[in-house]
Every structure is written in C-alpha cells, then in structure tokens.
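Input: a single structure, listed below in structure tokens.
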Amino acid sequence: MMPPPFMPPPGLPPPFPPMGLPPMSQRPPAIPPMPPGILPPMLPPMGAPPPLTQIPGMVPPMMPGMLMPAVPVTAATAPGADTASSAVAGTGPPRALWSEHVAPDGRIYYYNADDKQSVWEKPSVLKSKAELLLSQCPWKEYKSDTGKPYYYNNQSQESRWTRPKDLDDLEALVKQESAGKQQTQQLQTLQPQPPQPQPDPPPIPPGPIPVPMALLEPEPGRSEDCDVLEAAQPLEQGFLQREEGPSSSTGQHRQPQEEEEAKPEPERSGLSWSNREKAKQAFKELLRDKAVPSNASWEQAMKMVVTDPRYSALPKLSEKKQAFNAYKAQREKEEKEEARLRAKEAKQTLQHFLEQHERMTSTTRYRRAEQTFGDLEVWAVVPERERKEVYDDVLFFLAKKEKEQAKQLRRRNIQALKSILDGMSSVNFQTTWSQAQQYLMDNPSFAQDQQLQNMDKEDALICFEEHIRALEREEEEERERARLRERRQQRKNREAFQSFLDELHETGQLHSMSTWMELYPAVSTDVRFANMLGQPGSTPLDLFKFYVEELKARFHDEKKIIKDILKDRGFCVEVNTAFEDFAHVISFDKRAAALDAGNIKLTFNSLLEKAEARETEREKEEARRMRRREAAFRSMLRQAVPALELGTAWEEVRERFVCDSAFEQITLESERIRLFREFLQVLEQTECQHLHTKGRKHGRKGKKHHRKRSHSPSGSESDEEELPPPSLRPPKRRRRNPSESGSEPSSSLDSVESGGAALGGPGSPSSHLLLGSDHGLRKTKKPKKKTKKRRHKSTSPDSETDPEDKAGKESEDREQEQDREPRQAELPNRSPGFGIKKEKTGWDTSESELSEGELERRRRTLLQQLDDHQ
C-alpha cells in the first residue's frame, strides 16, 4: 500500500485536517447546481473502460456534495505492489498497459489497462534512468503545516529545511533528460519517423516509493470558476452521451467513441508520433508556441491552433480537450509564478533603491517618501500594500545600519582617544580630568580630528577613566615588583645569617646550651649580622633562638645515639665519673661527629643524675634494711623469756640470744650493746611513769571513768579491760600558742622520743603507743623529706620524664609504705574508748588501784599482740 503523501517523516507532526476533512487551503471549489435536464454523474457500466472522472481507485473530484479526497490511491493501486509483483515474476509489465492521463485539477495520473488500476505515481516501467535514480534517493520532499517544504532521509531518519545536494543533482539530471525528450519530440513532429520498440524498463527497487506532497496537492492559487467550467464540460457531455445510448454496457461504452470518431477532423499533414505521450506533448507545445493564455476557452484556442499540423497529433477530441485542460492548468501555474517573480523583482528593486538613496534615513516618514519618490516608476510599479511592507523593511534595515555605523564610529573614536592618551607623557595616574582636557586641546592630533571632537563626552570620560586605571595598575605593579625585590633581598640576608650560625655550630662556638649574651661579641662583628638590622620579619635574635631550639629538639635522638655508643664501648656513668672521660669515650665513635656539644653535655648531666639517684636509693635501701634489723633485735629483747629486768648486764644475757637470727643480722657488737641499752632506758621510763601516776586526782577520774564507760562502744566489757595501764598513758599535751616558733613541734617530738627512751626504749609497749599516738606528727614531717629530695632535681630536659627516675621514685614510695605498716599495725591494738578519750582530753582515765601483777599481765598481752601483727 502506498503511504499517504501527507504523512510527514518521524519527528514532525502530521498535517491532518480537522474532523477528517482536507485542509481549507486545499479544498476544491464547490460544484454549482446542475442545470435542468442534467442528471448527476453515475458510475460507468461494468466491463467498460473507466471514464476520466471514474478511474478505478479514484473518487470523482467533481461529484456534487462531495469534496476531493486527500489520498485517492487504494491499497490495490499502490505502485510498490506492482513493482514488487513484477520483480518477483522476473518480467515487468509492458509499456503498452500503462497510459498517462490528466485529472481535471491538472494532476497527471497513470492507468493500467490490464488490472484496471490507477496510480498517481509514475510506474517504474515508464521512468527513465535518471527518474529511477531519483526514486531510489533516500531524500524526499514534504511540506509542513505552514506549506514550507522540508526534506527527510528515510535511511538516516534526518530532517532538514535546506535542499540536499544529491537531490538537486538527480533532479537536474531528470530535467536534462526531459529537455532532450522534448527536442526529440519536436524533431519527430517536423520529421516523422516510424515507431521504434521501447526498451525494457530498468529494474525497480523493492518497497513503496513515497509521493511528494507537491504532486498530490492542488494549486491553491487556481480560480474556482475555471476549475468548475473545466470539470463540468466533460462531465455533462459524458452523462448526456450515456443517457442517450442503449441500456447495454457495451453500447454505452462504444457510443461516445463512435461519436467522437464521427466528428470532423482536420486534415493530417502526414506527421506521426511514436506513442501517445509524444503526441500529447506535441499538442501542448503547439499551444505553448501559439501563446494560448490560461484563461482562453476551447473555441478561442481552436482558432489559434487549428491551422497548425501538430493539431492532428491527437486523433480524438477528448484527448485534445484533456491535453488542453492540462496545458491550461500548467500555464496558469506558470503565469502565476511569472507574476510572482515579477512582483518579487519589483519589490527587491524598490527595496534596493530605497536602501541606497541618500535622502532615506531611519526617521523618514512614509508620506515624505511618497512625495519624494511618487513620480518614479520603481515606486509606482509596486502595489501600495506591498510598498508599505517594503518601506518598513527598509526602515528597519536603515536603523540597523545607522546603529552599526554609530557603533563603529564610537569604537573608532575611543581607539583614537586611547592612542592619543598613550602618547601623552604628561598624563600620569594622578592627572585629573580637567587637566587631561587641557592637554587634549593642546594636542595637534586631537585638534585636527573633527569626529574626535564631536565624540560623546561620556565616552571620552569613560576612556579617560580606563586609561587612568591602566596607569594605576602599572604603578601598583611597579610597586609590587619593588616589594618583591626587597623581600627577596631580606630573604637572602636571613639565609646568609643562617649560614653564619651554621659556621658557628661547626666550629663549636654555638650549641644547644649557648646563650645570646655569650655569642653576641662574635656575632655582632660580622657583616651578615649588620645586613639583618632594620629589616622587618625575624630578627637575628629570633633566628638564634630558633637555631638553638632546633638543636635542643635533637636532644632525644642524639641521647639515644650516645647511649648506643656507651653500650658498644661498655662504659657506664657513675657518681665519680668526670665529663672529660665521658667525652673521650664518645669521641672514638664516628657517629659522634654529628652530635651537638651542648646535647652531649646535657646527656652527661642526665646520666650523672641517674647515677646519683641510684646511689641515693642504694643508701636508703641500706638504711631501711638496718632499721628492720634493729626492729627485729628489739623485738627479740622484748620477747626474751624470762623477761629482762632493770640492771641486767649485756654480757649476762648475750649467750641467750647468740643463736637467734636477729642477733646474727647485727654484725657489729657495739650496735648490739647500743640497742640493748636503749631497750633498758625505755623499760626504766615505763616503770617510773607507772609509779608517779598512782595517786593523781582519783575522784575526778572516777567521774570521767563513769562517763566514758557509758559512751564506750563495748559496754559489756569491764573498765579494767578497756583502759590501758596508767604507765602506758602519754602525758598531757600542752596547747601550742600560734605565736610560738615553728621549731617547737620538732623539739616536743624530740622530747617525746627521749622520754620514750627513758621509759625503756623503743621495744617497750609504751614506746609503741607513743609512736602510734604521734603518727600524725610523723606524717607532717614527710613533706619535708620530699622537699629535700626536690633539691637534687636538675634542669635537664629528661630529669622529669626519665623512666629510670620514675622507677626509683616508685620503689622509694613502696619502701615508705612498708616502713609505715609496722607503725599503723599498732593502732588497732588499742581499745576504741582509749583512743577516742585520748584525742578529746589527752588525759589518762584508768584506775590507779591496779596492782603491779595486773599491770605486768596487761603489758605482756600487748607485747604478744604486737608480735602477732608483726
């Protein structure tokens, strides 16, 4: 089935008319009412050849009450089907089966006498080689809704508004062949030749071939009256002839042919044509040669061409009229095209004339132009309506032209003024506009240029501002370059001073422990130091500090290197090691060449401090071991059975303790004697205190005793079990006056310790209680010991964070805790009531009537408890 010619390619909207009707611009004129006695057109009888208006596959274009169909080709009439069938069969249909006809609207169609089908498109068997190439071209022409032609490629599915070059070449080839055929036909009309057999048509490409819209759409400019008259005459004649003929289909078909043959024909001059197409073309050429107008009637045309021999080219009158109608349609198109071209040429001439005339400007009025150019033929030949359109276009063109000229003049003036300002050396970035105007008036180039003097003041001021800004940018760039040069010189000065510090470090004058005051005499005499003075940024002192800090930052890494060197050499820093020996050992290693002298000294100080700390810790450990041995010796004396008495000599009891381990730990005999005498002194002080406190304030102690027993936590026990013996009670504590000197606590503590020694030594029960009661005083003395340790702290960087020092401090703290445990273990042995009352009053409230045996029993019980805790 042939595709509808009005279908656009993909991507464009189809130009479908509203409500299924053809477009208004393509609607054929309505048929006037039929005259009386004329019947409406009817279908021809079966079996007869179709008349002109009833070709199979076509709707009569002039049937009353109906409109011209947009697509008069059915599926059976598709040329692609014929082409495909012929291609499959292998043999194309002969040329004689196809005949060319002209529809009433002037369009050419083709009729197949074999299958009684009509098509709009020219069959492939009738096409020339150029036409076949044109049909195979992928580019096809279509029309949009507005009537503007566009071109579509079936293969690449591309649409464009411009005409492809391939399509132009093929159409030029087709026109060339058609022109050659026309010349051949003219020669044949003048010199008739015998008919020659037509060659077989070229092969037809498979597939449907789209028909361009221009071949199927009627000419919109054609007059309605001419179409009606041309279509009505053959219709009326055909219908009248059918009515008068016999009822049989054969008679109705043959009667018009006999009548046409019976009409008188002019004498033939003996000219002959090879086929009907050439004869029809010769008849049209006759009408064209005689200049038959498109509005001429048949009778007028006959008068003009009847005497020509070519008039007899078509034997039948119907064929002549059909060719005449086709010629009129074609001639009408040509006349309209010629008129359109003449009007277009006249408009172009007028437009060119107005655009080039010197009196025309963009502000000229139409009335003024009509008064000026009204007498000229170029003005009068164009209609007024089109003339106004041309005039508006000219005004638009002139306005655009004047605007462009103004822009060019403005650019020219600005460029000229810039050139003048650039050449004036008196203008700098501080020049004002009034000064610049005076300089310009004195400049000969500006004074001689009239266009430059008529320049817009605002444009001149803008140009001057841009010039001044350019000068300011140049000045700023020059200043920036000067600043960069100055900064570069300052940087070079700093680098030179840095290299000077490197030289001092290489010579050993500068190290991590150097100070600015030490090096200033050597630094100030150098020229590199003098170049640094007065410039911003880092000062020589800052660079010196940065350099020293950098050397100090290398301390930890260099310290590791020094330790590795000492480890490889097997050298250890002791308390009595000299720095010269330390430096002498390090100097033998190659790695010491890159070490800083100050860091070497700091490392030696750090190692020396660690050695001193180790020695101090060793001494403390030895003292702690000695104290533990003395405590064990005193405990051995306390636990002696029978107990030691006052007045006992060391030689008498020495043999009793020879086999004891505590005796063996004290290696010096003098120490043993000293500890034994201290023990006897403590024992003696305890006995004396017991004798002096028996008869002191008995009544008042009783009241306090009853009060204390009522508040005692262990109320079920007796007073005798809760309170310690009177001999173990400490003396009354005297309230200290704040105005007294700070040395009194230490003196009181010494007196207590001496008193404890008088009471029988540290091994006696009273001495332990005194130690327990004075626990708070001992705690107050511990911070003083810590302050003494802090005196040995060094200012070296690793003195605070050295892990060996931390380990030493931790071990010292652990030993202090171990030394504090025996003292704290004595506190729970005291009764709660005794401790609380002692803290509140400081007086002993036990009974004085206890016997000496009871006191001895309690003393032994306390000693036993102390031994158990130890």
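Cβ atoms here come from the backbone N, Cα and C positions, even for glycine.
Note that this is a predicted model, so its numbers are computed, not measured.
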Matching range for Swiss-Prot feature annotation, coiled coil, among 345-381, 419-455, 604-640:
604-640
Looking at phosphoserine as annotated by Swiss-Prot, pick the matching residue from Ser159, Ser269, Ser751, Ser851.
Ser851
In angstrom units, rounded to an integer, how far apart are the Cα atoms of Lys175 (SUMO2 cross-link) and Lys148 (N6-acetyllysine)?
23
Let me know how many other Cβ atoms fall within 10 Å of the Cβ of Lys175 (SUMO2 cross-link).
11
Across the domain 'WW 2' (133-166), what are the DSSP residue counts per state (helix, strand, coil)?
6 helix, 13 strand, 15 coil
I'd like the Cβ neighbour count for Lys148 (N6-acetyllysine), meaning other Cβ atoms within 10 Å of its Cβ, all protein chains included.
9
